[in-house]
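According to Swiss-Prot:
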TOPO_DOM  1-24  topological domain 'Extracellular'
TRANSMEM  25-45  transmembrane segment
TRANSMEM  102-122  transmembrane segment
TOPO_DOM  123-138  topological domain 'Extracellular'
TRANSMEM  139-159  transmembrane segment
TRANSMEM  164-184  transmembrane segment
TOPO_DOM  185-188  topological domain 'Extracellular'
TRANSMEM  189-209  transmembrane segment
TRANSMEM  227-247  transmembrane segment
TOPO_DOM  248-259  topological domain 'Extracellular'
INTRAMEM  260-282  intramembrane segment
MOTIF     276-279  motif 'Selectivity for potassium'
TOPO_DOM  283-291  topological domain 'Extracellular'
TRANSMEM  292-312  transmembrane segment
DOMAIN    713-884  domain 'RCK N-terminal 2'
COMPBIAS  1106-1120  compositional bias 'Polar residues'
Amino acid sequence: MFQTKLRNESWEDLQKMSCTTEIQVAFILSSFMTFISGLIILLIFRLIWRTVKKWQIIKGTGIILELFTSGSIRRNHVRSLHFHGRFRDRIEMLLSAQTFVGQVLVILVFVLSIGSLIIYFINSADPVGSCSSYEDKTIPVDLVFNAFFSFYFGLRFMAADDKIKFWLEMNSIVDIFTIPPTFISYYLKSNWLGLRFLRALRLLELPRILQILRAIKTSNSVKFSKLLSIVLSTWFTAAGFIHLVENSGDPWLKGRNSQNISYFDSVYLVMATTSTVGFGDVVAKTSLGRTFIIFFTLGSLILFANYIPEMVELFANKRKYTSSYEALKGKKFIVVCGNITVDSVTAFLRNFLRRKSGEINTEIVFLGESPPSLELETIFKCYLAYTTFISGSAMKWEDLRRVAVESAEACLIIANPLCSDSHAEDISNIMRVLSIKNYDSTTRIIIQILQSHNKVYLPKIPSWDWDAGDNIICFAELKLGFIAQGCLVPGLCTFLTSLFVEQNRKVTPKQTWQKHFLNSMKNNILTQRLSDDFAGMSFPEVARLCFLKMHLLLIAIEYKSLFTDGFCGLILNPPAQIRIHKNTLGFFIAETPKEVKRALFYCSVCHDDVFIPELITNCGCKSRSRQHVTVPAVKIVKKCMKGLSSHMAGQDSPPRVHASPSRISDFTTRTFPHDVEQDSDQLDSSGMFHWCKPISLDKVTLKRSRKLKHKFRNHIVACVFGDAQSALIGLRNFVMPLRASNYTRKELKDIVFIGSLDYLQREWRFLRNFPQIYILPGCALYSGDLHAANIEQCSMCVVLSPPSKPSSSQTLVDAEAILATLTIGSLQIDSSSDSSPSVSEETASCTNGHNEKSNCRKVPILIELKNPSNIHFIEQLGGLEGSLQETNLHLSTAFSTGTVFSGSFLDSLLATSFYNYHVLELLQMLVTGGVSSQLEQHLDKDKVYGVADSCTTLLSGRNRCKMGLLSLHQTILSDVNPRNTFGQLFCGSLDLFGILCVGLYRIIDEEELNPENKRFVITRPANEFKLLPSDLVFCAIPFSTACYKRNEEFSSQKSYEIIKEASQTTETHSDTNFPPTIYSVDETSYSPVYSYPSRTNSVYSANQTARNQIRTNSSITSQKPLGDNAKKNGKKISDEISDEDPFAYSEPL
């Protein structure tokens, strides 16, 4: 028994005998000598090869060269090269795993490497200083593995193009330092651990092997496998080095400071070092070990800081954002997809959640195609009660099922207005609509579109349903429509924008005008169903009653005809012939929804004697349930007005205005010029816009003349930036409101585009059917091109922002527009030298508080900014001291005066359209010149590119209300008396002329700070708001109403001078199809009026009655007639214009 035990111990000692220093040096030197000698040999061969190549180039031909170029040797050499090339190609196919054999080879190498590493782990249980005998069974297995590695190393060496680069690769170094010691162990009949721990670096091939095996397919799994392989290979390799040096000790101390440490303890030490947490139970004692720990700690800080948090984030995001949304019964939610970024989400949430917390009962599910960034994730956490983020794509039905889009109230698709390729952005969003509609055809879609011509694809989707709430928000159409309205009526762009912008930021105004402007910014467009007690009353009667009793400004209604095929739509300021029906929807300008509730609660019985708006609440009166037709509407109105008159006797409220018969006759006579011209104008088949035959680009392209600049006057100059490769911004959307049919042909202003001819040529195919459009090749950055367009006499100069460019800075996106504004703003114009001021001059030269006029004025300008934060550049150019010190565009002085516009607020329309799509319809009606969703479908068909085919179509399209900017003294508003307050003016203009006053355009009162007499916008002033003589009034004017007054002192000599100037202008532009605007005698004898169109419809039988009355009263009018000469001259000019128009009754395209 004792002998057996002794024999076993002697056998173990034979297997684990001590390794001498010479044996360890032999193992290490075999690796280093192989590496160094191989590298030296490769360098020598490369040096010799380069020397031979260089010598061949210098010598040209020689004995050796001729020897190599002889016939037989050359053929053998070419054959050898061919064989070598094919052999290398085969090896490369194997090593790249492109074939099945190659995949098996790569996988086998990885598996054998892991097997060799496992053998190292087994052998590491023995002391490092011991050598295993060749009787150890793991040594032959490891020898076989390394023999295969040698074969694989040779294949890789032959396939490498750069041998030296291959020799220095990490996998090559691993093979060089692990394969030679194996063969040395076979020779010495003993094995030593040595540097075999380097085999752990083969773990870096793990992601590639898993991809070959199709084990991982997603990007997250590939990223995770890569991070895991890096961490494990680093840990195992570093632990092997610590295990070697700590068990061997420092060589110069001959191992006296060594310690017995296992490989597991080394791994533990490395992990503790990587996490920068050391407990001190396992430490390095050797100098080599401590030096290695110092450098490894620095590397581990980078590794731990970069890779470990990313791994944690991968696990967290996978669990957090790949789940499904649980749609609970009775819980409302919407799905938002598309451009999910920090800016878009912030803008959407700010507008969608701007209601009170108790009123928000809709959850928002964001469907993003990529995991949210840390900043976006923070936003979602701030709105955790309302938002949920799901990672997925609207293109995949699986992801749509995960967000339960079929149960959602609506699906909102966000676009990126600052993208470099707007067409691609639109197409991707349209594809999302197709995917959602194919998945569930009943899902309501609200989509943002950047370019207007891409809208046509959406109504063609079979399941698209306007009646179900599907809606399109077109940025180009609305943005350019706003700018066009600012050209027609100065300040109107700011007026309309302020109604759709809600400011939550508190600002303390320093001046009186700032206080008025900021208070007016509180107003919004709100809708409310009208009380049934208004049924049977006319719109002016209801608007007056709401204004006086409820302090509400009613501007429009949703009219539904009682006939089956009658009109149904929105009407701005309907005429008195339109009667209010039950359940009519009204549009108000008010501050809060609570205020407009009064229009629903109003009761003619309970609230007849109530004159405090806050007391008009829901009365619950039984009479409200009865049908209102039992009481005539006239009696109700008389009763209400009687109560109002008795109440206003002791208060400052505006009294009812009465007009004398002479004034009414004067007003009726003024409507005549419009009706005479209706039938002579050429319109499109819808009757909404002025139309003409297609005009070639050459006929409207203006040439630079050295003698005289083009005789434009009171025209619109549009500065456009772009080239042949720029994306189209859709100038048709800018032109259409300026060519609305509720202007006569003489009232149309010439439009001159200044820009690159290559760009405008691409836009011209959408503009060629509109009259009086001209193109001046050039650039708005050069004053010479501006003077060529006679910018001194223009009514408005518009600077449109250039199309977005790839990888452009958000700050520099408006650089060209800002520089153009600087150039235009530097132009000083002497207004005293003009014989007859233009429209813009009339506004800019209005008298101030001291009845003085400025002799020098600047060109009226309206600039578009894509980036609202660039407003501080425009503020510096404003020339107005003491301005609002704000970086917010909508709180800036430039915005308050109507000189700047940005479409950034259009993002809020997405939430507005979801809550109340009627508001979006009203906005489209106001800014587009009357384009509706139904009309858009027809405009894209060739058959409507012609003239109106009937008088009915023409009248139904033209008789739309339009907005204007009227003076208190030079227009028919001077007939309103008294007009000391806004309430008095509102009631008087509505009673006398049917004109609806909605706001003011007032001169900034501080003269020393406002040398240019700039005006600011006041939206919906209070009823008691005091008026100033210099105020201009924003009004909704009926189409048939002429707002100018006759100039009694107009001389015939002045008429002759203007006619002469007009004829010269016509001769100057004889080479174009449509000459610039020519002012006839009748036009110049009236004060100009700003006006703009908006889509309304009314009962047109009243207009025919009015025209009959005009013809009857024209013979007995008391107005002083113009001289016979003036009448003849005016008729002559009208005839000339008709003769020169070559596009009368054009054919369809």
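Yeah, the Cβs are placed from backbone N, Cα and C, and that goes for glycine too.
It should be emphasised that the depicted structure is a prediction, and the values quoted were computed from it without experimental measurement.
Annotation: stretch 102-122 has the most Cβ pairs under 8 Å to the transmembrane segment (139-159), among 25-45, 102-122, 189-209.
Count of Cβ pairs under 8 Å against the transmembrane segment (25-45): among 102-122, 164-184, 227-247, 292-312, the largest is for 164-184. Across the topological domain 'Extracellular' (283-291), DSSP assigns 5 helix, 0 strand, 4 coil. Long-range contacts of the topological domain 'Extracellular' (283-291) within the same chain: residues 242, 245-246, 249-250, 257-259, 269, each at least 6 residues beyond the stretch ends and with a Cβ under 8 Å from a Cβ of the stretch. Across the topological domain 'Extracellular' (248-259), the DSSP tally of helix, strand and coil residues reads 4 helix, 0 strand, 8 coil.
Long-range neighbours of the topological domain 'Extracellular' (185-188) within the same chain, counting only residues 6 or more positions beyond its ends whose Cβ lies under 8 Å from a Cβ of the stretch, are 23, 26-27, 134, 139, 143. Within the topological domain 'Extracellular' (185-188), the DSSP-based counts of helix, strand and coil residues read 4 helix, 0 strand, 0 coil.
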